[in-house]
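K.L.:
Dumping the structure here so I can ask a few things about it.
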Amino acid sequence: MSDQQQPPVYKIALGIEYDGSKYYGWQRQNEVRSVQEKLEKALSQVANEPITVFCAGRTDAGVHGTGQVVHFETTALRKDAAWTLGVNANLPGDIAVRWVKAVPDDFHARFSATARRYRYIIYNHRLRPAVLSKGVTHFYEPLDAERMHRAAQCLLGENDFTSFRAVQCQSRTPWRNVMHINVTRHGPYVVVDIKANAFVHHMVRNIVGSLMEVGAHNQPESWIAELLAAKDRTLAAATAKAEGLYLVAVDYPDRYDLPKPPMGPLFLAD
């Protein structure tokens, strides 16, 4: 077949929401359930051809997403409703497409992204929750959210996050640029909201684990700055659990004009 006869290829971006509690992370792997595998299967059914997706951020086992962004290429010409309603009809109930947008050839869900934003939700109450048990992290000691917020501000800007980096992290550098980190209380919920150009492995969960020690008055406010300067993972607190973590937004250059739905998680005020 000559070049003139090749069918056109369309590049499509999707916004994806998922409850990660029953999945072994985003990335497709043999023998275990993954969000990527379920999404690719549903897309392939609608496109009537094999589809491979590329995501903005590969979340770990048990981690959720309300603002994940993916892209894929296909020769299938479909209406937007097919990529949203049609794909959702083929997805399990804990994964959903939130929006669809045709994108230019130079768009890449991962490499075009300029920042990622996560929210970590702590249910701070003496008694554990049931309904949201896989969507929040329970911490029974009273937490001082304002104290946590003050302690976290030393993490702003470009820093070496070795103290908050998983030992098995494969990133070439521990340096990341944190644009904001806010800790707020919403009734029994304490929310840690952090945005950075990118994250080293377990960075948010390791930061939150140490912030909870500060919030519970087990460590001074200055401890976070001391940990950052020490560049030693063994000095920081244990990694916070996966179930409280959400990828809530990914930033892209304005020229792509991607939709920006409410970030969520949707049981909280935006």
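Cβ from N, Cα, C; glycine included.
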K.L.:
Looking at 87-91, 107-111, 177-181, 197-201, which one does Swiss-Prot call region 'RNA binding'?
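P.N.:
That would be 107-111, the stretch labelled region 'RNA binding' in Swiss-Prot.
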K.L.:
For which of the residue intervals 18-22, 158-162, 168-172 does Swiss-Prot record region 'Interaction with tRNA'?
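P.N.:
Result: 168-172 is the stretch Swiss-Prot calls region 'Interaction with tRNA'.
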K.L.:
Can you tell me how the residues of the region 'Interaction with tRNA' (168-172) break down into helix, strand and coil by DSSP?
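P.N.:
Looking at the region 'Interaction with tRNA' (168-172) with DSSP, the answer is 0 helix, 0 strand, 5 coil.
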K.L.:
Consider the recorded positions Arg78, Arg110, Tyr118, Arg126, Phe139 and say which one has the Cα lying nearest the Cα of Arg58 (site 'Interaction with tRNA').
P.N.:
Arg110
K.L.:
With DSSP assignments reduced to helix, strand and coil, which class does Tyr118 (substrate binding site) get?
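P.N.:
Note: Tyr118 (substrate binding site) is in a strand by DSSP.
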K.L.:
Is it possible to get the count of other C-beta atoms within 10 angstroms of the C-beta of Arg110 (site 'Interaction with tRNA')?
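P.N.:
So the Cβ neighbour count for Arg110 (site 'Interaction with tRNA') comes to 16.
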K.L.:
As a test of the contact definition, list every same-chain residue at least 6 positions from Phe139 (site 'Interaction with tRNA') whose Cβ is closer than 8 Å to its Cβ.
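P.N.:
Phe139 (site 'Interaction with tRNA') has long-range Cβ partners Ile122, Tyr123, Asn124, Val190, Met212, Ala216.
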